[in-house]
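Reproduced below are the annotations present in Swiss-Prot:
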type     : residues      : note
SIGNAL   : 1-16          : signal peptide
REPEAT   : 27-62         : repeat 'TNFR-Cys 1'
DISULFID : Cys28-Cys39   : disulfide bond
DISULFID : Cys40-Cys53   : disulfide bond
DISULFID : Cys43-Cys61   : disulfide bond
REPEAT   : 63-104        : repeat 'TNFR-Cys 2'
DISULFID : Cys64-Cys79   : disulfide bond
DISULFID : Cys82-Cys96   : disulfide bond
DISULFID : Cys86-Cys104  : disulfide bond
REPEAT   : 105-147       : repeat 'TNFR-Cys 3'
CARBOHYD : Asn105        : N-linked glycosylation site
DISULFID : Cys106-Cys120 : disulfide bond
DISULFID : Cys123-Cys146 : disulfide bond
DISULFID : Cys129-Cys149 : disulfide bond
REPEAT   : 148-186       : repeat 'TNFR-Cys 4'
DISULFID : Cys164-Cys185 : disulfide bond
CARBOHYD : Asn181        : N-linked glycosylation site
CARBOHYD : Asn205        : N-linked glycosylation site
CARBOHYD : Asn238        : N-linked glycosylation site
Amino acid sequence: MLRLIALLVCVVYVYGDDVPYSSNQGKCGGHDYEKDGLCCASCHPGFYASRLCGPGSNTVCSPCEDGTFTASTNHAPACVSCRGPCTGHLSESQPCDRTHDRVCNCSTGNYCLLKGQNGCRICAPQTKCPAGYGVSGHTRAGDTLCEKCPPHTYSDSLSPTERCGTSFNYISVGFNLYPVNETSCTTTAGHNEVIKTKEFTVTLNYTDCDPVFHTEYYATSGKEGAGGFFTGTDIYQNTTKVCTLNVEIQCSEGDDIHTLQKTNGGSTMPHSETITVVGSCLSDVNVDIMYSDTNHPGEVDDFVEYHWGTRLRFFPLPKRCTPVS
């Protein structure tokens, strides 16, 4: 208790060590204020003048109570009440304390309809661009501007933030397998989407994919096999659909089912994949899938990778194989 009293005494007199002095033609130095021809000490931010100065006594300053503040040097008779809590579409960006008013701004997904002296007073939800349209910018107030997605781009969701994404006209599905025993090096042209050996069958099924698969490829080197399925480049993916690939590797022996997990890659284009291995002929499988816009090489690619097993060193596809019609 004595410690608290000592602190309050210090607060009261820290601004009042010197008695007031006479003003110079109504002017005072620093932050001092003039009263009845005397220059008196002002209170620091976070305090108010609980008693103004007089002959022989300087200003008495007291701290602001909770919910009130003073932001600058002053000799005000009371602290200012803080703004009320931020509600609705408003979120607090500056809490109320002894030296600051509460500041409210729009929460994510909203924009300011009415600005106040300190923050925003009224917020409203931003416009959401429908599927087939993307965000092109914002109004001066911060509302969303939408534009129809140009050719070879897409937006498939109702969103106040999503811009039109790029599409693709080429898909390559490459895989590496271990161990394999049968020696092979073949290229197959035609709408087959199946690679078959004595040990396993690799089948590619797909739905809602516009680029057309027309080439299959498989080769071996030692105990490792590599192959793939490839499309042409003359058709772009319809951006209102999601290209879905299902790659199944069916061993000639066993019936265990393993679903490969994605280990690398993101998605900025409309596609999804499922990769499964059925049977017990393989210990390691790696599947790489690339979606590309060949008219913008290196700029517009989605690359995803799926892996199962522990062996990570795989050999690349041979540059040449004997075509098989």
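Cβ coordinates come from backbone N, Cα and C, glycine included.
Computed from a predicted structure; not experimentally measured.
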For the repeat 'TNFR-Cys 3' (105-147), what are the same-chain contacts with Cβ under 8 Å, counting residues 6+ beyond its ends?
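Distal contacts: 83, 88-91, 93-94, 153-165, 239-240.
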Near Cys82 (disulfide bond), how many other Cβ atoms are within 10 Å of its Cβ?
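There are 19 of them.
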Just give me the nearest neighbour of Cys53 (disulfide bond) among the recorded positions Cys96, Cys123, Cys164, Asn205, Cα to Cα.
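Going through Cys96, Cys123, Cys164, Asn205 one by one, the Cα closest to that of Cys53 (disulfide bond) is Cys96.
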Give me the Cα-Cα distance between Cys40 (disulfide bond) and Cys28 (disulfide bond), rounded to a whole Å.
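Between the Cα atoms of Cys40 (disulfide bond) and Cys28 (disulfide bond), the distance comes to 8 Å.
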Cα of Asn181 (N-linked glycosylation site) to Cα of Asn205 (N-linked glycosylation site): how many Å, rounded?
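Computed Cα spacing between Asn181 (N-linked glycosylation site) and Asn205 (N-linked glycosylation site) is 26 Å.
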In angstrom units, rounded to an integer, how far apart are the Cα atoms of Cys120 (disulfide bond) and Asn105 (N-linked glycosylation site)?
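Each residue's Cα considered, Cys120 (disulfide bond) and Asn105 (N-linked glycosylation site) end up 5 Å apart.
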Would you please pick out, from the glycosylation sites Asn105, Asn181, the one with the fewest other Cβ atoms within 10 Å of its Cβ?
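Among the glycosylation sites Asn105, Asn181, the sparsest Cβ neighbourhood within 10 Å belongs to Asn181.
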